[in-house]
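Undergrad: I'd like to ask you about the structure that follows.
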Amino acid sequence: MASPAPRPAADEVRPPAGPPAPVGTRARWSTVPLVVRHLVLAAGALAAVLLLIAATDTVNTMRIAAVGYSVLAIAGLQVLIGASGQVSLGHGAFMFIGAYTVALLVIRLPMLPLWVNLLITVAVSAAAGVVVGGATARLHGPYLAGATLALAVGLPSLAVRFPELLGGGNGLAFTTRGAPPALAATVSTAQWQAAAVWFTVLLALTVLATVSRGRLGRRMRAVRDDPLAAAAAGIPVGRTKVAAFVLSACCGGLAGACQGYLLGTATPSSFTLALSLSLLAALVFGGMGSLWGALWGGAALVYLEVWAEDAAHALSLGTSVTNNLPIVLFGLILIVVVLLRPDGVHGAVRDAAGAVRRAR
Amino acid sequence: MPPDPVDHLLSVHGVSVRFGGLAALDDVRIDVPAGTVAGLIGPNGAGKTTLFNVVSGLLRPDSGRIEWKGRTLRRHRPHDLAGLGIARTFQGLNLFGGLPVLDNVMVGAERFARGGAVSMLTGLGAHGRDERLMRDRAMAVLEEFGIAGTARSLPGTLPFGLQKRVALARAVVAEPELLLLDEPAAGISADDIGALAELIGRLGERMGVLLVEHHVDLVMQVCERITVLDFGRVICAGPPEAVRADPGVAEAYLGTGEEAADDA
């Protein structure tokens, strides 16, 4: 990994980089447990999202909710690829599992509340993650990518194979509840659903961020960089890789569940190979090195499509152009970003933030 | 089988490893008593690394056994070593390139962490205490090694000599009872070898050390007992003076006796 950082001389005197002396609020903040810090940040983010959906119309509220579950799916992929170094080309398969789990639960067991459905989805996705991750833990690079690719291609066809249970090519349609009656007068169904999605997403992101910045994240990176040396330090290599896979599968499943809950449908055509590849492309676009990359990636995934469609309509282009413009635009922007900033949008954002901090 | 003195940390008993028809190790015996620095030398291809891999659990011997503190190790795997109290360095650096120096060394301190899967997933319970403990131990070793100033650097940005030190710190931070060093002097300048010898000598007071090394002067200087391998067999074992005087060693390891005299 080539780094442009200046090479410090061997005898350069620098202050020891230990835990800083506790002075000021910043230092006190750093003594608060990681998970509490992340929960506070998540609460702030939820407040911001709630303000946003209160201020905008129904169409944009649905888009903001779509950004939410996209961010979660991409963030799961970031932990898998960025932290643990395993490439998955088939993460749409876990979204498929999540969406169909919620659909089946709503149709077959309508008495269950949403949060129970989501918890069951997490359990089902985790089980799928254990099976797939356990089977692929010994595979590297292109072989792992190939195996996960097969998953993305194969799994959605299950819906067609079992039409009685999974609804065939048309998938499953169901209705989800909106806001509770007490709030129904002030909160629209879309607003309630978007809030529920973002609440779920931010809670899951809190877990991901805590894992990523804590012991397990360090173990994953150690296994990614040098499995032999990680094993010598007592880290079980295989189990750490499976843990990353399961975590990532849970995020994918939960994201799929949120999508199903929002749209009220689960169809095989929503979970094509193109979706899996888009998630990966969005991660590269946002930046693979940080969970923040998922935010930019998720926003780009939803809004580039919207803007491309708007542009196509404004220019009154034909339908064949309109249908393909989002993909072309996304591809072009991805190429530009990778050429200019291999560390993605977040790399640029981080540099800009650093420049601002130094200037003050 | 003669009873071993109990103070042997590691005993390798009659270990043989064959790769196809080639005997990489043939009936090798090595003992590492507690609190000593034992050396293992031999020309390229003598089987030093193979022996290291057998002790590490990467390779199963075809015959013979490994005893750790009087207990035979069966089916141990590389990630069991740390828990047993054995740490190792590698011939390459094998540092975690994407992790800062401090985190590299913290990984070495993983055996002191008490929290299980739940604490790692939620960041609750023992997680905060584990992280503090590992960070403090890592910082202490970095300070002892005089490289505390590099804690936040990525290893790839450091000069080679410092990277070597980070790799050693990552092994030592585990406070192992036995430290396996695989060619620690490789690629290090002549000036730094004196400092390395002093460091290894100091470590030898705290833990048993098994040193595999090409650099004969270093081995002669720091080891109390040296085993010489050639073509997978032990051809000589004893204190440095005895090994130095052994004509078979000079011939196998250093070429002819005259060349050896020139080298020394």
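The backbone N, Cα and C atoms fix where each Cβ goes, and this holds for glycine too.
Note that TrEMBL annotation is computational and uncurated.
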Undergrad: For the transmembrane segment entry in TrEMBL, name the matching range from A:143-162, A:243-262.
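TA: Going through A:143-162, A:243-262 one by one, TrEMBL gives transmembrane segment for A:143-162.
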Undergrad: With pairs closer than 6 in sequence left out, are the transmembrane segment (A:61-81) and the transmembrane segment (A:190-211) joined by 3 or more CB pairs under 8 Å?
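TA: Contact between the transmembrane segment (A:61-81) and the transmembrane segment (A:190-211): present, because at least 3 Cβ pairs are under 8 Å.
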Undergrad: Cβ pairs under 8 Å with the transmembrane segment (A:143-162): which stretch of A:34-55, A:61-81, A:93-109, A:279-304, A:324-340 has the most?
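TA: If we count Cβ pairs closer than 8 Å to the transmembrane segment (A:143-162), A:93-109 scores highest.
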Undergrad: Which stretch, A:61-81, A:93-109, A:115-136, A:279-304, tops the Cβ pairs under 8 Å count with the transmembrane segment (A:324-340)?
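TA: Going through each listed stretch, the top one turns out to be A:279-304.
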Undergrad: Which bits of the chain, at least 6 residues beyond where the transmembrane segment (A:115-136) starts or stops, bring a Cβ under 8 A of a Cβ in it?
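TA: Distant contacts of the transmembrane segment (A:115-136): 86, 94, 97-98, 101-102, 105-106, 144, 147-148, 151, 200, 241-242, 244-250, 252-254, 256-257, 261.
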